[in-house]
């Protein structure tokens, strides 16, 4: 029943002919004329013409570089030399016989833990701000604002924040605590601090995603719930939570792939020193410091495959069901 | 069906483009030497000079050089392109033909590849008579670059501050240096500064000092044949042990993880920092900072690395970037004319307080104390740098990268577990292993 080309007015229920008499199909001549126009090759090509520009951009800036990267991963290229030779799977063999290259994934656990906090905080604020509150637009702005700032700027801002005698230390001393702690000084505290910065930065994005999903739940459902005497918690539990499930599962996928491939914030703030090196920083260093572009490309390919695998497993465990609130 | 065809088409296109895209990066076929022009009016054209000195491009200093050059070579026009991330950007641009007419050779380019990227400037036999540091770019008897200047390596310190703490003599051993740092710290509160966060001050000033300890011009080349670069008594062992001890004895700044290079200049000038291991190029910058702080340029001193070999100090003399001519350049003679003029007549190295690449040029005023105190300047051989770098890269230690010294400092201040001996042993092992693979 989605025939949008139907042009005949609906029959008047009182004066129109009974449905049985109404021709089920349009006159043959009109239909054939329409079909010939629809089958015109140009019309069939129209969607592809529209897609031409985005596809060209996609191929040029995504698929070609990825193809190049996969090709480099089978060579011993140093990143500069005009010569490179094909070495087959040597880079992959080296990668998988050096367990220390995978040990850096442990650092990702800090960010994974942080993303749990991040999703919880975003969900909390999104739920609260979806209700009618005073100044809710101001709070929405405040929460989303960090996501709009450039990651490099955030890195520098927080470098001053954490430095000896910096913002954090002075705030702590105002509260009477002795802030004599090098926040980025040892691996545990540095990674926690960096993960905290990442929470500060990305909560806004999750928040907006959740808020959008919550607001797309029809308002009459809330009204009905209120009439039935549901509490706020019951509204959340039975209306909001199921309503935003697809967005929630998307956020979890983004969080996991994000914590596997953390780069910007630790790279700018510590450069990977003091045990804050992540897999991507390590890859960048292999490629641009030690001129092992081939090995680094292999690392990148493996990271891509790991993320795809994790996503796949996750989708198998939590299938994306159709949600029907009504 | 349509989707499948499209998918196949996409994949094929990608594959084709991927293969085609890898053809980039050309080798100039021309083997012609970029010889200096016979007379100034015979060369013409517009040449583009790539430089890492964005500050000099912005404040118009480079334009003044170009104007002075234009008086001598009226038909040549010089354009500058200052690049902030010089290493990273030029390295990638060198995959094309368009990397300027004159450029500074990025450290990432392997020495063996020089003939593919740069025009030879002359035979090393004749070039080395006139210029210092030619062995760094010598490939098969031909020289591909001329240093824009050289620097001596040592320790920049606040001389006025050290005098106030009662120290007037240069320390003659690492132990004396540590004792002096302690005295200065106890009496004035000023510490050594590692510049841990910015990282590079942990790299070149220290690694370039290889040779200052042993007073051996071949100290760096010897790394290619040793299995234990960090063995007892070696240059690297002495240098890195000193850094370890400074941090371990709490004679360095309190929180290394948030240091700031730009800020460190004024901190040194104001006497909040006692000293930093640096190259002599830093002296003029520190003097500027001292003037801004109202302390006077003479409050900044420069001492050799605190080690003596049979009673004399040694300081390695190393070239900065080397200027080269793009092999794809269509104005090679003009490009060479610029390099020669810039090296010989611009006065650039004097203005930088650095050692000129010309053998005939006198030492700069910044090194007067070195001359007065008979410090032996060791012009370090770079003949085997290619092999050393190959081993270094294969081992992923990074003598010219900050990571391994940052880890050294982390161990020294207890942020990471381990001992200095174990760390040196591990570095030695990685070096020896890499030597096996990279040497073959």
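Note: Cβ is positioned from N, Cα and C throughout, glycine not excepted.
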For this session: With TrEMBL as the source, identify the stretch among A:23-42, A:83-102, A:143-162 annotated transmembrane segment.
Result: A:143-162
Problem set entry | Folded-back contacts onto the transmembrane segment (A:45-64), same chain, C-beta under 8 angstroms, at least six residues removed | none
Seminar exercise, completed: In the same chain, residues at least 6 away from the ends of the transmembrane segment (A:193-214) whose Cβ sits under 8 Å of its Cβ atoms read 110-111, 113-115, 117-119, 121-123, 125-127, 129-130, 140, 143-149, 151, 154-155, 158, 162, 183-184, 240, 243-244, 246-248, 250-251, 258, 262, 265-266, 269-270, 276
For this session: Using a Cβ-Cβ cut-off of under 8 Å, list the residues of the same chain that are 6+ residues beyond the ends of the transmembrane segment (A:143-162) and lie near it.
Result: 125, 129, 168, 183-184, 193, 197, 200-205, 207-208, 264-265, 267-269
